[in-house]
Structures are given as structure tokens and as C-alpha cells.
Amino acid sequence: MAQECGCDSACGPCYTTNGVSVPDIVTDEFFNGILDQADPNCAGKYFYSREAFLEALNSYSEFGGDNLVDDSRHEIAAFFANVAHEIGQLCYIEEINGASQDYCDWSNSQYPCNPNEKYYGRGPLQPSWNYNIYRAAGNDIGFDGINQPDTVATDPVISFKTALWFWMNNVHSVLGQGFGATINAINGDIECSENFDSVQHRVDYYTAYCNQLGVDPGDNLTC
């Protein structure tokens, strides 16, 4: 039985708080099976890597660390299902037409925007807005998200760290409610009330990844 320890401890790479080795689940075959679906012209195909994901994971040992091994597999499947939907199976680094959008809450004095920067979606989960991700995540991870938001699109480890930061702060706590709750936590205002095709798209990825990882998808798959 694996010794319980964190990702950065001496007992081995990326063991979660329940003693599960995430690299044993997110194998080369699993990760590259997603990446290989991206078109050769996709920027993300040459940006995202399993190595960058695992390096980022060193900062988040609670990811996949709930109770049973099957819970770990559920969380990993849910994370990558939402990632696959958000960025076309690791195809995109930046939100399509994101630069044309204004994702700055100018009234937010706690997290003031840099007028020369844009806070559109970048990275595996595409979180946006100055207050939602760039200031808060930047402070926790250690990069200047307000003045250098492009770091999320140029440093693959920071990119995965940002996605994992968002996941652990907004999604991880609802995993016990079923996969549908993760959709609601990420984009519920838009998808759960009106865009049912997008919801099903996420569910299709999730069930496929659960099958690959040998775990039943469970109940409450939609939101």
C-alpha cells in the first residue's frame, strides 16, 4: 500500500492525501490520448504536456485525494472532461475572440485592471475576469496576473497551476454531488439553463474518461 504523503515529499512524485499516485492514473497513454485528438495546427498540441500537468500538481496534493481510489478517478475524469470541452481536447490556449471581450470589472477597486491588458480566458479551464482568476490566482501561485496575464498562455506549468487553482477553489468541494455539479460550478449560469448541448458534450467526455479509468460515472451527470 502506498505511503500517504504529498506530491513534494520524499516518498515519490505526486501522491495525494489518500495515498493515490496521480501519475499512475494520468498515464502517458491517458494524457496523450486526449492530446492526440487535437488537430496538428492547434497551438495547444505543442504547449500542454503531461509533464507540465504533473509539475503543476506538486502544488495541489489534495487534487484526487478524497477517500477512495474511485473518488480520485472520478475527480481526474471530471477535470479532464471539463478541460477537453473548454479547449477542444487540449487544442486551444486562449479563448477564441477573447481579446475582443471586456472582462474587466472596472468598479472592483480591490482588483483594479491594467487598462493595457485583457483578462479573457486562457489555459485549460479558460477562467476570466480580473477578480476571478488573474489577481487572486496570481497572488497564490506567484505571478503578476493583473499586469502579465499572458503568463497563463506562455508558461505551461503556470497554465495548469491556474486551472488547478480554479478547480480546487471552485469545483473540488462539489464533486460528491455528481459530475453535473462541476459543470454548474464552472459555467452553470450559461450552460445549465440554456445550452444543453454543451452540458451533454461535457458529460460525453466524462463518461468516456471514466470508462478509460475503469470507474462507474455515477449519478447526477447533468446540471
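Just so it is clear, glycine is given a Cβ too, placed from its N, Cα and C backbone atoms.
Cross-referencing CYS113, CYS192 with TrEMBL gives CYS192 as the cysteine bonded to CYS223, criterion being a recorded disulfide.
Per TrEMBL, the cysteine from CYS5, CYS7, CYS91 that shares a disulfide bond with CYS42 is CYS91. Other Cβ atoms within 10 Å of the Cβ of GLU86 (active site, proton donor) number 21 in total over all chains.
All chains included, 18 other C-beta atoms sit within 10 angstroms of the C-beta of CYS192 (disulfide bond). On a Cα basis, GLU86 (active site, proton donor) lies 21 Å away from CYS104 (disulfide bond). In sequence order, GLY180, ALA181, ILE183, ASN184, GLY188, GLU191, CYS192, VAL199 make up the list of same-chain residues 6 or more apart from CYS223 (disulfide bond) whose Cβ falls under 8 Å from its Cβ.
Within the set of recorded positions CYS42, GLU86, CYS91, the entry lying nearest in space to CYS113 (disulfide bond) is GLU86 (CA atoms).
Listed by sequence, the residues of this chain that lie at least six past the ends of the domain 'Glycoside hydrolase family 19 catalytic' (158-168) yet keep a Cβ under 8 A from its Cβ atoms are 47-48, 52-53, 55-57, 59-60, 62-63, 79, 83, 93, 122-125, 127, 133, 137, 140-141, 143, 151-152.
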